[in-house]
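What Swiss-Prot says about this protein:
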REGION    3-10  region 'Important for interaction with ALDOA'
BINDING   Val18, Thr28, Gly29, Glu30, Leu31, Thr32, Lys113, Tyr114, Arg141  AMP binding site
BINDING   Asp69, Glu98  Mg(2+) 1 binding site
BINDING   Glu98, Asp119, Leu121  Mg(2+) 2 binding site
BINDING   Asp119, Asp122, Glu281  Mg(2+) 3 binding site
BINDING   Asp122, Asn213, Glu214, Gly215, Tyr216, Tyr245, Val246, Gly247, Ser248, Met249, Tyr265, Lys275  substrate binding site
MOTIF     204-208  motif 'Nuclear localization signal'
MOD_RES   Tyr216  phosphotyrosine
MOD_RES   Tyr219  phosphotyrosine
Amino acid sequence: MTDRSPFETDMLTLTRYVMEKGRQAKGTGELTQLLNSMLTAIKAISSAVRKAGLANLYGISGSVNVTGDEVKKLDVLSNSLVINMLQSSYSTCVLVSEENKEAVITAQERRGKYVVCFDPLDGSSNIDCLASIGTIFAIYRKTTEDEPSEKDALQPGRNIVAAGYALYGSATLVALSTGQGVDLFMLDPALGEFVLVEKDVRIKKKGKIFSLNEGYAKYFDAATAEYVQKKKFPEDGSEPYGARYVGSMVADVHRTLVYGGIFMYPANQKSPNGKLRLLYECNPVAYIIEQAGGMATTGTQPVLDVKPESIHQRVPLILGSPEDVQEYLSCVQRNQAGR
């Protein structure tokens, strides 16, 4: 093992990575501008999250967002940061946010060709107890010549140009894919830059962890109940799966990516259409997981194949290691056949 200097002289920062990808694609530079603006917003949100207690940013703002969640002060700040940074990149035309009832249309003089769907601060109900939270985003090209409208955002996840998430935990991390695998970058606070820490991440074929909110067991359908029972009490005498659930989707998904296993937010009696939003929660993480060799399904079809009908549409989400997700789908098929 060779000695390494504590100071890297040829580090691959995320800014450099994005520029290199743009050069390789012989693009116009708009996507590069867009991604760099998104990264600036993420750095600002990371700083705000770490200062939240000192800056009086804990607590609720007194309103409820379009999907029925209480809006936290940090939600409002993060949403404004992302919108302002993306619009000032001169590369977007339509923005869809969890916090806005309608799509945000970029002013004509600032318009570009990209549509961005994002959740500025996922897991914000965990802010006050200092649990990990995150930012999620997916980028699409506008496919029509018409005036920009929210219809431009109603594209299946297969059309994603780039997607990723930021995780604000013990460190700030970005997972990013531009369609050629998944790379992980860690924020170096001394440099103020994201630095590559893992290239072409691959999820395990099979894991040892299942993740879902068992508090809703009363409402589980037969397939979900059967699958969870199999993980807790294996019929073949093998070791049971470990149970892990943070309640912040980015944290749960990232753990699943790193350690393998399965993350589940299936449909149930209480939420027959699922609870997570397709455009800015499910599609981005499904894209990341698939790019890493995993699977993401609604239980009836791949998440990325769903054709959205509205910008805040909800769908069930089951993702993770391919063998684990396939086992869940076998439970679904078996229960459907038995009806």
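From the backbone N, Cα and C atoms, a Cβ is placed for every residue, glycine too.
The model shown is predicted, which means the values in this text are computed figures rather than measured ones.
Features recorded in Swiss-Prot, as mapped to the structure shown.
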residue: Leu31; record: AMP binding site; Cβ within 10 Å: 23
residue: Asp119; record: Mg(2+) 2 binding site; Cβ within 10 Å: 30
residue: Asp122; record: Mg(2+) 3 binding site; Cβ within 10 Å: 31
residue: Glu214; record: substrate binding site; Cβ within 10 Å: 13
residue: Tyr216; record: substrate binding site; Cβ within 10 Å: 16
residue: Tyr219; record: phosphotyrosine; Cβ within 10 Å: 15
residue: Val246; record: substrate binding site; Cβ within 10 Å: 18
residue: Ser248; record: substrate binding site; Cβ within 10 Å: 23
residue: Tyr265; record: substrate binding site; Cβ within 10 Å: 23
residue: Glu281; record: Mg(2+) 3 binding site; Cβ within 10 Å: 27
Secondary structure of Val246 (substrate binding site) (DSSP, helix/strand/coil):
coil
Quick one: of Val18, Leu121, which of the binding-site residues has the smallest count of other CB atoms within 10 A?
Val18
Val246 (substrate binding site) to Asp119 (Mg(2+) 2 binding site) - Cα separation in whole Å:
18
Express in Å, rounded to the nearest integer, the largest CA to CA distance found among the substrate-binding residues Asp122, Asn213, Glu214, Gly215, Tyr216, Tyr245, Val246, Gly247, Ser248, Met249, Tyr265, Lys275 named in the record.
20
Local Cβ density at Lys113 (AMP binding site) - other Cβ atoms counted within 10 Å:
17
Given the binding-site residues Val18, Gly29, Leu31, Arg141, Tyr265, find the one whose Cα is closest in space to the Cα of Asp122 (Mg(2+) 3 binding site).
Tyr265
DSSP helix/strand/coil residue counts for the motif 'Nuclear localization signal' (204-208):
0 helix, 0 strand, 5 coil
Please work out which residue of Gly29, Arg141 has the most C-beta neighbours within 10 angstroms of its C-beta, and give that one of the binding-site residues.
Arg141
Out of the recorded positions listed (Glu98, Asp119, Tyr219, Tyr265), which are within 10 Å of Glu281 (Mg(2+) 3 binding site), Cα to Cα?
Glu98, Asp119
Taking only C-alpha atoms and a 10 A limit, tell me which of Glu98, Glu214, Tyr265 are near Asp119 (Mg(2+) 2 binding site). These are the binding-site residues.
Glu98
Any further residue of that chain within 8 Å (Cβ to the Cβ centroid of Asp119, Asp122, Glu281) of the recorded Mg(2+) 3 site:
Glu98, Phe118, Gly123, Gly134, Thr135, Ile136, Met249, Val250, Leu276, Arg277, Tyr280, Pro284
Between all pairs in Val18, Thr28, Gly29, Glu30, Leu31, Thr32, Lys113, Tyr114, Arg141 (listed as AMP binders), what's the biggest Cα distance, rounded to the nearest Å?
18
Distance from Leu31 (AMP binding site) back to Leu121 (Mg(2+) 2 binding site), taken between C-alpha atoms, in Å:
22
